[in-house]
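Enquirer: So Swiss-Prot has the following annotated:
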- 1-10: topological domain 'Cytoplasmic' (TOPO_DOM)
- ASN66: N-linked glycosylation site (CARBOHYD)
- 245-539: region 'Catalytic' (REGION)
- ASN311: N-linked glycosylation site (CARBOHYD)
- HIS345, ASP355, ASP421: Zn(2+) 1 binding site (BINDING)
- ASP355, GLU393, HIS505: Zn(2+) 2 binding site (BINDING)
- GLU392: active site, nucleophile (ACT_SITE)
- ASN667: N-linked glycosylation site (CARBOHYD)
- ASN706: N-linked glycosylation site (CARBOHYD)
Amino acid sequence: MPHSVLARLPPGSVRLVAAFGLLLLVSLLVLHRRPGRPHVAAAAASDRLTDPSRSRLFLSQSPGANASIAADLRALTAGPHLAGTPASAGAAAHVLARLRAAGLQTLTREYEPLLSYPGHASLALLRPDGSLLARLSLEEPADEGRRVVPPYHAYAPSGGAVAEAVFVNLGREEDYVVLERLGVGVRGRVAVARRGGGYRGGVVARAADKGAVAVLIAGNADGGVERGVVLLGGPGDPLTPGWAATSGAERLKFDDKAVKQRFPSIPSMPVSAKTAAAIIRSLGGPAIPAEWKDGLGVDTGGLGPGPTLVNFTYQEDRKFYKIRDIFGIIKGQEEPDRYVILGNHRDAWTYGAVDPNSGTAALLDIARRLGIMLQSGWKPRRSIILCSWDGEEFGMIGSTEWVEDNLEDLHSKAVAYLNVDCAVQGVGFFAGSTPQLDKLLVDITRQVRDPDVTGKMVHDTWNEMSGGIKIERLARTDSDFAPFLHHAGIPSVDLYYGEEFPGYHTALDTYNWMEKHGDPFFLRHLAITEIWGLLALRLANDPVLPFDYQAYTSQLQEHIKTLSALTSNGHAVNLMNGCVNDLSGAAMEVLKEMKKLQQMDLYDEHARMRRRLLNDRLLLAERSFLQPEGLQGRGWFKHLLYSPPEDYESKLSFFPGIADAISRSANLSDKEQEVAMQHEVWKVCRAIQRAASVLRGEFSEQKPTNFSSLVTP
């Protein structure tokens, strides 16, 4: 692989890259790639195994692989390995050694971001006169050996409070509406919330907006206390937004407006269910609504405020630490400058058996299998990069810094990013993807045996469990696909077994739990490994990329239907339907072109050039959905279809700019809301039209479409 994939490159225009890339490709192919034996030989080497043969060879290595996966997971989870600690460096060494043992070329990239660790913390209940009533534990009952980092919220500011407490349920807007109706306010008080109200940083931010002076978030009643990050405004190092946090890089000051917006304004802390219950039992005020008691384990107490006081102090320790991303690389034989990227993070809040090292063990088994295939003489058509990220638990830092470090290279060369974080956390297969990868994903699950039902394939049980195949869209920011999709516009997939895990981010996330409860025979690990690896093989080897933009248009049409139910702005809906129809036409044309090329001689030079150009259009179309300046007020997020909305409680999980406009204008008249939405609607429409033009391989100005009639009252 060219070293440039890991080189630092200056940021630039997405559209300029796309146009320049296409022109450069045409020039290189026409001027330099004349028919000749070397090119035929390279193509023959990469295509020596047909797709069924490649799949069979990959799957033939499954017997006994579950034992290998289990051994890697046991080694990785022998102790806690939080990013920035010596133990984390040990986990990195294990991954590096296993990639090298598989015969892959390896690279390591270091970054030096700002990380946050806990210092001193204390919590006590006081009587109304200020005398001590009880000291409350901030430790985790499940952590008997006291080996893991104490529960804390990364990047929560140092501070303290002596104030009355209020129970705010999940800390959502609707919960504060209930409190207001009951005459309970949180201004100047400590908000006590229970887990389940969405992103913890959003829960803290909403409490601060309501005037709270501190927030305590209760864990589940099983003894675990959920650690986590509370930064706002997107992933990555908070002091280097948009560029890599390399040693000696420019760093913004803490008083910079962009930095201050990312850090919470009040201290917060995760606490055990037992500690939260002790506080709630001491509260008076209105009775707790019955539906708010779920999982609390309290039968007395009220919503507050008071009469007892909470005395809470917290001291944060912020430092710059080195983190290490590790890469295993297989250089493509025919198209080495096209990258199929598989990623999983390596760092963990505690032992990490589920999050993330179930995925790490699967990644290492893929490396082992690909190494055996290389020894057999196989080489992929395109390059395959296996990525082991560091610093994910602090806000996807390792992956984000690498994407920012290599943005131009990725814009022009990345085919897709395939993510696995918590590979196995329970029963049932779940997946998210950008829509053009849906069909490929579904097809792959027809090739993999279901780990829980004998005689069935994953596709069968997935379909039965969900009442039809359901694929999530990746607008959330809780794993490493976020920088690839939301910032770089790279088609992405996320895979996992099990919807929820009670030990998430707690000391319960151990190898022992996995062996006893999560996946005793490691067969779900095996299924994820096979799906993940087969996806990579198809994307790295199919002569024509298996992208289906008809599925994208169908999904956009569904999104528009959902939007139309939330707004009375019929003009906006009509406008968007017109743009999607244009994309649908382009997708149909591409589908016909794909079928023609699939019938042509694989080694014909003219056909090879046409395939290359078509593939470039297919991979660049997703970049068309990027807005170079980003979303309003949130410039790091650039994807106009699938970035997270500003309001984490928004009813829209797509069209984030439109979702933000709706949220910001919620208290305005219908006419004012329409005006607020209109500009964001046009942005989305222009992006969809750009994608249609890219798919057709033409300048957008060549076929201007008149949509004025659609928006004329």
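Placement of Cβ uses the backbone N, Cα and C atoms for every residue, glycine included.
Remember, predicted model here, so these are calculated numbers, not experimental data.
Help me picture these features in the structure, burial and contacts included.
Expert: Taking the Cβ of ASN66 (N-linked glycosylation site) as reference, residues of its chain lying under 8 Å away and at least six apart in sequence are, in sequence order, PHE521, PHE522, LEU523, HIS525, LEU526.
Within the model, the region 'Catalytic' (245-539) shows a mean pLDDT value of 96, rounded to a whole number.
Counting every protein chain shown, 19 other Cβ atoms lie within 10 Å of the Cβ of ASN311 (N-linked glycosylation site).
Sequence-distant contacts (6 or more apart, same chain, Cβ under 8 Å) of ASP355 (Zn(2+) 1 binding site) comprise ALA348, TRP349, ASP421, CYS422, GLN425, PHE501, TYR504, HIS505, ASP509.
Other Cβ atoms within 10 Å of the Cβ of HIS505 (Zn(2+) 2 binding site) number 25 in total over all chains. In the three-state DSSP reading, HIS505 (Zn(2+) 2 binding site) counts as coil.
Sequence-distant contacts of GLU392 (active site, nucleophile), defined by Cβ-Cβ distance under 8 angstroms and a gap of at least six in the same chain, are ALA83, HIS345, ARG346, ASP347, PRO356, GLY398, SER399, ASP421, SER479, ASP480.
Long-range neighbours of ASN667 (N-linked glycosylation site) (same chain, six or more residues apart, CB within less than 8 Å of its CB): none. Mapped onto three states, the DSSP output places ASN667 (N-linked glycosylation site) in coil.
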Enquirer: Including all protein chains displayed, how many Cβ atoms other than that of GLU393 (Zn(2+) 2 binding site) lie within 10 Å of its Cβ?
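Expert: Other Cβ atoms found within 10 Å: 24.
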Enquirer: Taking the Cα atoms as reference points, how far is GLU393 (Zn(2+) 2 binding site) from ASN311 (N-linked glycosylation site) in Å?
Expert: 29
Enquirer: Report the residues of the chain - excluding HIS345, ASP355, ASP421 - with C-beta within 8 Å of the mean position of the site's C-beta atoms, for the recorded Zn(2+) 1 site, in sequence order.
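Expert: Counting only non-site residues, the set is ASN344, ALA348, GLY352, PRO356, GLY359, GLU392, GLU393, CYS422, SER479, ASP480.
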Enquirer: Where does HIS345 (Zn(2+) 1 binding site) sit by DSSP, helix, strand or coil?
Expert: strand
Enquirer: In this structure, which of the binding-site residues HIS345, ASP421 has the fewest other Cβ atoms within 10 Å of its Cβ?
Expert: ASP421
